[in-house]
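According to TrEMBL, the protein carries these features:
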TRANSMEM  7-31  transmembrane segment
TRANSMEM  441-461  transmembrane segment
TRANSMEM  473-491  transmembrane segment
TRANSMEM  503-521  transmembrane segment
TRANSMEM  537-560  transmembrane segment
TRANSMEM  663-683  transmembrane segment
TRANSMEM  823-847  transmembrane segment
TRANSMEM  853-871  transmembrane segment
TRANSMEM  883-900  transmembrane segment
TRANSMEM  934-964  transmembrane segment
TRANSMEM  1005-1031  transmembrane segment
TRANSMEM  1051-1070  transmembrane segment
Amino acid sequence: MKRLPVVLFLAWVSLLFYSSIWLFISGFLLMRIELNNQSSCAEPPSSAAYKGFQQQQDYCWFPHKFEKAVIVIIDALKHDFAKYDPANTNPKQFQNKLEIIHRLTQSHPKHARLYPFQADPPTTTMQRIKGMTTGSLPTFVDVGSNFASYAIQEDNLIHQLVHNGKKVVFMGDDTWDGLFPQKFHKSYFFPSFNVKDLHTVDDGILRHLYPTMDGDDWDIVIAHFLGVDHCGHKHGPDHPETAKKLAQMNDMLSSLIEHLDDQTLLVVAGDHGMTDTGDHGGDSEKEVNAALFLYSKTPLFGNELEKDPEAVPQVNLVPSLAFLLGIPIPYSNLGAIIEDLFYSTHTKASAYQINALQVDRFLHSYSLAAGDLPAEKLKHLKDLFSSVTEEYEHVISMWSQSSESESHLESQLLKLIHRYQQYLVQARAMCMESWARFHPVRMIAACSILSLCCLLCYLVGEAGPCLKVSYKHLLGYPIFWSLSAALVFGLELWTSIVDLDTASIFGLVSLASQLCFLYYFRKQSSRKNRPHSRSNFLLFSISSIMLFFRCCSLFSDSFVVAEGEVAPFLLISLLTMTVAKLHWDGRLTLLTLPSLGSESLKPSLSPSYKKECPRLLGLLAGLTFCARLSGIFHSCREETPNCQPSTFLTPLSSVQDPQIKNLSYIGCVVSLGIIVYLLRKWLQHYGNLNSSSPIVLYVRWAFPLITLGISCYWALSSGADDSLTRLHDLKKLALVVFPRVIYALAGLGLLLMICNPVTVYMKRTWDSEADNTVTTYCAAPGSEAELLHVIPQIYRKMQRNLKNRLQQGMEDKEEKKTAAVEAYGLGSVYSAAMVVTLTLLALILLMLHSERLTPSFFILLVEAIIILYIHSHVSNLYSAPNGLELFSVPWYAVTAWALAGTQGFYTTGHQPVFPAIHWNSAFVGFQDGHDNNIIPAILVAANTFSSHILFSAGSSLLLLWPFLCETPTIRRKKPKAEQREGKVEEDDTPMMEMRLRENPDKFSVGLLQLGAKFLFIQGVQLLSCVCAAMILRRHLMVWKVFAPKFLFEALGFTVSSIFLCLGIALVLRVDCAVSKWFKNLILHHPR
């Protein structure tokens, strides 16, 4: 049996898919070019910048107003959190908590003002810090580096402050350390990634904030608090912990104001908002609407507001702070100054003039470097700027000459200010649109390569039997030519003959490899007469119809939003139509009634109906019930405002009602226990729990320990933060120890499964009727072919001996007895290894989710079992007497399996949007954070794609389960005479999974076909998402719906393909271990 080529072939195909994904991303999610130019006092944007002022030596670009500044960033401070409404007598937990802001804005309106602070998406912390320090616009793809925090190379406020002699002291979120390494005069960084930790960062800041301000070794203090954001992630905004944290921030601001002097500016800002569930990252109104509060003890604003101030874009803070502190505006800034901060019309116009000159200089430099700004819009902005600048210089000239009345000149300046504002707004809008640029050639090339990948998988899935002797041609040659192409392109790149990036080279290499495969495939398949069977046709089948609807739905934003409801509908429809087709093909006889004149009206049932029809109908009903029931564990998107997220998504620690918390905990533990109990009963039923092998002992003892450990972890994590105060350190230690012990036990289980996956119990008995003769080519099998010939005979003789012994009982006790071998669990040895492994993975993935999602995982596993049994019954009814068709998994089964995996993604509380990612999973067992980004990335990915992991790793069960559930319909019937004589035919006893050993080549080809079909189904869905994102790239919902869907689909495909290969590799490892087990049995068998 060819084992290694099967895994290598699937791994090679997966790499082809990865290269196409990479190529498409390089053309679809392009990052803008970052200019390294820097502003300086010695080089103002233009000499015209100084025409409104007399040359002085004590300011840079613009007269500064403050010597010092305290910048307080309260992460996720929504504008709703900062507002105060005295008329609200029944406020929510997050309302009316920042009383100090309300009191200052009311009592000192010229000293304090609260603004809505509009963030640019994506609303993740790192991108917002970039925006508030550079004044530029991070692109969509930058969100991927949110937790890698690459250092900012563009000109920014921190660089300008340090370069101009300001002592900058930072304290708080350690994200700033990665963005601005070695920039701060003093720094106090605290770990920020642990969203369950509400106090470490904030308490650390408060320890250093007031002593720092009381000293004189600072000019700028930046304090980044994280407690409010972490409260939102852990509990949601409307929670008592959020109220406590906001009250703490109110006390902090009250004390901080007392430490300010007249030359110090206070800036309090939120970097982004949060949804009703406490998440952020998208572009909904609640996520982008933050708060900005400005205060100083000297008058800061020229007049009082008669109405609420308009929203301020976050980038507008950059030029405003630069002017107030007397430093140059960062080179790449696109923000406009906050108009209220400048009193006189003359001063305001001069500030806008300098601001516009700086933006014009940046646009000119960027257009020369990148060339991707639209020429027409750029020309329009240039004409507008030139016209306004010319008028400004003319008005300033008349002002200096006093040739016109001051009121007339002031009205002219007000008009110019309005036109400058228009210029700055239009410039920012143009850049926002242009930086969503695309590379059509790369996207089309990626779609072409991805289409060829799908075609490759389809051909292998349809024509698997012709591949049994052609691995050399269909795997070796394509890999050889791909490596040759890679070498050629590498040499050309090294010698500068071609100018290609890495993604393009990998794309070309993949294309060469695919074309080579298709050539040799056509050459090989033309020499063979390929057998055609029912399961080898996808076109014009029920599966193709469902797959077509599934792919078409990915082009509609409404269907993508409602995919969690579409997937189960397609799943149930597919299997219902499959069962209906059984009756259409005459394989399933329905209920028939005799004529009215007959003696009995009792319905006559055919044998097949009696056995299969009720089972199939019951399984369909159970599947429908599970699919409907699992819908209660849903999450909501912002596009569905009327949707209410499931209460089961809320962790037990956030449940305030003790009775509900206790009942939920009991229900979760019971569901967890049922999963382990059903595993033991299944293994016991098939005889796989009798062995004394390490893996069986592990199942007996380690699984209950894992269940107990998870239950204890849930009990500790669901307790209130202020409970068990005296045992706080012990509780914190236990929250680390329990998950890590479970991780270790899971790793041990997987290691035991790899080392010895055979769960067979062998028993020697003495039976005079035992037939111990085994036909071999020689005394003992000396080759793999001879061993494969012997194994089915051994299994049949074991069954025959056991059956004879059960029939004859203990007769003839004095008769001489010979040795007989009985093996329990041999007929399910492959499935047992897979079921144990999948259950172990399910327990670990379950621990990474909210404990209240345990019933959802239980329902998901039950649904998977129902699909397997439906598939087994349908396959056995269609199968020929020799059972050879069971070696090829039909398309409907693979499609249903993939749809169930998609449904499981949504029923475990996920959505293909960034705000819905469960970041808490990164800290299960790592309460104190991580030293790197690899472990948290793995944990978050395992949580997000848990359904993909289970269904891809368990896809081999689609091939194994029909053999496990073997029925008499696939075995040759015995003649009645032989039945009366008690003769037993070799084919009469079900061989179950040992039938796979009768046809080892078909077994390996069946696994290859199964893997290719699964990759085809997943690949076609990915291709649909790629085409939707490419075709609809100018659609209004592209960045809200189609781009996130593509990214999640691409990541899901990557995870699925990896675990598909691992699952098939495990089956092949079991096959290798079974061969070794039989070989040892033959060598030690008495002849």
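Glycine is no exception: its Cβ is also placed from the backbone N, Cα and C atoms.
Automated prediction, rather than curation, is the source of TrEMBL annotations.
Quantities reported herein were computed from a predicted structural model and do not represent experimental measurements.
Taking Cβ pairs closer than 8 Å, the transmembrane segment (503-521) reaches residues 12, 15-16, 19-20, 22-23, 25-26, 442, 445-446, 448-449, 452-453, 455-456, 459, 463, 470, 473-474, 477-479, 481-482, 485-486, 489-490, 493 in its own chain, all 6 or more past its ends. Note on the transmembrane segment (441-461): residues 9, 13, 16-17, 19-21, 23-24, 26-28, 467, 503-504, 507, 510-511, 514-515, 517-518, 521, 538, 891, 1008-1009, 1012-1013, 1015-1016, 1019-1020, 1022-1023, 1026-1027, 1030 of its chain, located 6 or more positions outside it, place their CB under 8 angstroms from a CB of the stretch. Counting C-beta pairs under 8 angstroms (sequence separation of 6 or more), the transmembrane segment (537-560) reaches the transmembrane segment (883-900) with 3 or more such pairs. Sequence-remote contacts of a segment are chain residues at least 6 beyond its ends whose Cβ falls under 8 Å from one of its Cβ atoms, and for the transmembrane segment (7-31) they are 139-142, 437-443, 445-447, 449-450, 452-453, 456-457, 460, 471, 474-475, 478-479, 501, 503-504, 506-507, 509-510, 513-514, 1008, 1011-1012, 1015, 1019, 1022, 1026, 1029-1030, 1033, 1043, 1046, 1050, 1053-1054, 1057-1058, 1060-1061, 1064-1065, 1068. Among the recorded stretches 663-683, 853-871, 934-964, the one sharing the largest number of Cβ pairs closer than 8 Å with the transmembrane segment (883-900) is 934-964. For the transmembrane segment (853-871), same-chain residues at least 6 beyond its ends with a Cβ under 8 Å from one of its own Cβ atoms are 575, 578-579, 615-616, 619-620, 622-623, 626-627, 629-630, 633, 648-649, 667-668, 671-672, 674-675, 842, 845-846, 890, 893, 896-897, 900, 903-904, 907-909, 947, 950-951, 954, 957-958, 961-962, 965.
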